[in-house]
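Participant: Take a look at the following structure, please.
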Amino acid sequence: MSLSPDTDDDWDDDELSGISDEEISSADRIKFLESEFDKILENIKTNPNTETKEQLAKKYGTVIDQLDQQCMWLPRNLTNTPTGHTFDRFKPLIELLLESPRCNAFPSWQDNEQKETILHISTRKNHQSLIRFVCEKLEDPKKGLLELSINRLSCLHIAAQRGRPDPDLMKLLLELVNDPEADLKGMEGNTPLHLAVDIQACEPGQHKVVEVLLNACKGAVRLKNSDSLTPLQYHYKSRDSPAFNRRKKRAKRIEAMLKLNCLRLDIDRDETREILYSGTVDRREFAFDLVGYEEIRADDLNHLSTHISLETILKSVVIPDLTVHPTEDYLAAKVLAKRSTVNRAPGNPFMDQTDESYERYRASSSTPGQQATDPHEPRGLSQSAGQSIIEYDESDEAGDSDNPDEPPDCPGRIDYCWIFQWLRHQGVTKILRVSVQDRQHKPHSDQSIRWSLKGMGVEILDWNKLDICPRTIRKAAPAVRDLTLYCSGNNAVLGSWMAPGGLAKLEHLKVLNIKILQGLESLQRTAAQADRFKKKLLEERRRWCHVQHEKVPAKETPTCACHQIKVKWSIVGNNGKSVKSNTDNEDDKKAEVEKQEWIKCMERFADFIRAYRLDIEEQEAPPRIKVALIDDGVDGLNGELSSVIAAGQTFSERTNHDYNPYFKSTRGHGTIMAMLIRKICPNLRLYVAKLNEQRTGRNTMSITAESAVKAVNWAVDNKVHLISMSWTISQTTNPATIQDLVTAINRAVQNGILIFCSVSDQGPRDTGQYPARCNRDNSFLIGTATISGQAWRWNGTNEVDYILPGTDLDVQIHDELFDSRLRNVYESGSSLATALASGLAALILDCIALYDVDDLALMKEKAHARMKMALNSISPAPRSSNRDDGKYLHVWDTFGKALEDDRKRDRVKLKFVVDILMSRVRQEVGT
């Protein structure tokens, strides 16, 4: 029997009878079917017309019906079909195969020694058309794509290590899997990213495949294989191959991509180290922080080089208000230059080193027409200090051609230039986040900022200097995606930022925070100007992006993400009050509503429990919960707070052996804490202990451990139920005094007192570990939750017990005199979250005391453990091993639901809450 490629005749059933098992061996039968099936494929390929499924069934149905799982060649032969538009002719045939009773499972048939399916083979041959069509017809394409061959390789593993890298193939597979959390581990526990970064796979273009994998799964760099190696560590190990010398340049590029992806993750220092390094050797620092220093010499930075090795990519550089003295070589050169008369031009006062003479020299040396401008942008915008606010001449490279080995010579400060110069000398090529506190009276010049940051690829920038020129930002940090700017309140500055040549040209910018001083205008007018700035900037950004998109060829995808930009502004008023912009982001709005709902939910329940106690106290008097607030004092003149203060004691010393009274808050911090605690638990009795503080720096105060010891012991003597401490002490404090604090905290724990402590809000430099560390197993360490219920990035590396709302909380206490002295109406920090947690714990005890006093005694027996049971009962979601999962307390699931039905009696509502809170405790004691 034969089949002519151009025949349209139907197949003869009599001829097909020759392939029966009775007349021909099974092997010959399968071989014969393969030959005939190849003729079908050739027929379809050469036929210029695409036949329908019905037409194909009529012509070739008898052969197709003979195909079964013995035809293991079927997947391989189908992958030989052409790609592109020609493949459309084969789609009806594949549909017929899928519908055939005997071969509808052919996508899972295994071919060749590797036991590969059609999807495996199609991936190996890069037949994207076939992969897409087969997956469209499968009920579970993910299962097929992640199925492992005998070598434990999925389609993604095969695509990751193809000899000819194709990022489009990897994009297609990931799109079809459509599950960034899928288990992608294969042979030896390796993920596709492991295999993609193997030195053997480092062919030209492989970095694009790696980039696709990193973009699709942000946490892929964290996954370890069976040898406990992350992809970066696996890459280092694979470099032992001789192939490394031939592929060193490509390997270095992939190494940088892996490091960059890791350092962009919002994870703590220890986990970052675990991803980067597999052993204890060759561990480098990936953050540089000078907080705590007030004055250093540039030459002293070289001393760090003897014992610190920096990564080429840094996660962050943090510089406080700091004086950096120039190097000795620089000072010597300046002295020689000043003394020299040979190279000094007549009438050139540059070497006089005075701001006034330098400005005169600059003015006299300018030539007409030197500064060309963009006709569409405003002119004449200037700072009060005489600097140019905006430089519109794109061809003007002044300041960009300075000597890269020496800071620019300008009247502004150059202190921080020495720091960034030293970082460059240490091999640092990129810094993800830069946070700098500049001086307002004499800040760094724009030229110095450009010189410091140029070429560093900064992505998050917060340089606290007023009115930075927008062109300076574009030159210094063209890749910035998160930018914080400071405005003096001059509307001309906002005009320069929103101008066509301003911030709109920052292509990668996604988040913009503007902090504005009120200046000479009213708050209302300043806010209106800020809103106008936001509106005009976004309009200009859209216009600029439209122009950029038109320049991009039709086949390419524009890279500008202008429509995702998020602009926020805040104004600091002359009276200390602040005003913030309304958010336009839907996720932020939803999260903000949730944060407000947390507070409102607890306020509603607080009103309920206050009224409930007033009603029952006519017949009985359940004990009130005693909370010790150890802080900087509480405003005892405030009517609402004075009504709950039961006692107070001060340990804050003044001169001549006098003491600062506990009923006056030094900075208002303790008053705010007291108000938040009372907001959640209105029936408490407050015991106020005022701490002593000592000056430890130019603008810093530190709590003394001695006063903390006395305060804790005083609280224990007053038999309080709970101690709230929204502050931290560094472990570097006098060890003997720290031991006294440990003893005092242990005494409190032994007396059944609950301990609530804050993290230090220092982020990666979290050194404030006390008082929580005094008895970590019996202390509640509280961190801050963002408006979306996630852990705040400044919580540090501590493993917190719970996170509560603590960002942008309204801290007004509705006392006109107190609120008028507030520096900010909205505050953030773990101290606020700790106050809420303390109030919540006190409320739990109050509810239990009001319902059954015997249960209150039960809670005191194992105070910490049983309070933890009660808190965990509030949120029904199970706690997992993730660092912050399950630690955000969803109070509305308990306290909110209790008040949903107004028809229920108050006793029933309270019982609903207490039953939830005491469920695990009662289960433990068997009641």
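Cβ atoms here come from the backbone N, Cα and C positions, even for glycine.
TrEMBL: automatically predicted annotations, no manual curation.
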Participant: Between 1-22, 45-66, I'd like to know which one TrEMBL lists as region 'Disordered'.
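Facilitator: That would be 1-22, per the region 'Disordered' entry in TrEMBL.
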Participant: Pick from 358-385, 386-413: which range has region 'Disordered' per TrEMBL?
Facilitator: 358-385
Participant: Could you tell me the C-alpha distance between H669 (active site, charge relay system) and D631 (active site, charge relay system) in angstrom, no decimals?
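Facilitator: The separation of the Cα atoms works out to 7 Å.
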Participant: Can you give me the Cα-Cα distance between S831 (active site, charge relay system) and D631 (active site, charge relay system) in Å, rounded to a whole number?
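Facilitator: Just about 10 Å between their Cα atoms.
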Participant: Taking 10 A as the limit, how many CB atoms besides its own sit near the CB of H669 (active site, charge relay system)?
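Facilitator: H669 (active site, charge relay system) is surrounded by 21 other Cβ atoms within 10 Å.
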